[in-house]
């Protein structure tokens, strides 16, 4: 059994909160056009975009290195604006066990927030926390938000 870790980030959005949820639920293949420095592609491997059980293959660049993440959409809650992805193959699960990321769009007062939560297990103390991946996700989120603000 590994060392359980949870990393979270909440980023204030300037764009419409429904747009962000829709992008990751129904149009993840558009992410690479919104933040090409972060994500180079998202291919549907199995299923239909926007449905639980669908499998995606993300290609992205982390710290100057090309990476791959094959994920299954584990949960979608349209009402609560929540989607969870679990990696079943790729660069993360080559080192870490049980990696999953949850995207939640929430409103606190007048502020809309994109909330990301990563959960995973490190095999031992020598394997670092995924702070670099959390930084990547924050940068990607800001780039997508900026893309939508410029569009409007």
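Just so it is clear, glycine is given a Cβ too, placed from its N, Cα and C backbone atoms.
No curator has checked TrEMBL annotations; they are predicted automatically.
Per TrEMBL, these features apply:
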{"type": "DOMAIN", "residues": "2-151", "note": "domain 'Bet v I/Major latex protein'"}
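Across all of the domain 'Bet v I/Major latex protein' (2-151), the predicted model scores a mean pLDDT of 96. Across the domain 'Bet v I/Major latex protein' (2-151), DSSP classifies residues as 38 helix, 72 strand, 40 coil.
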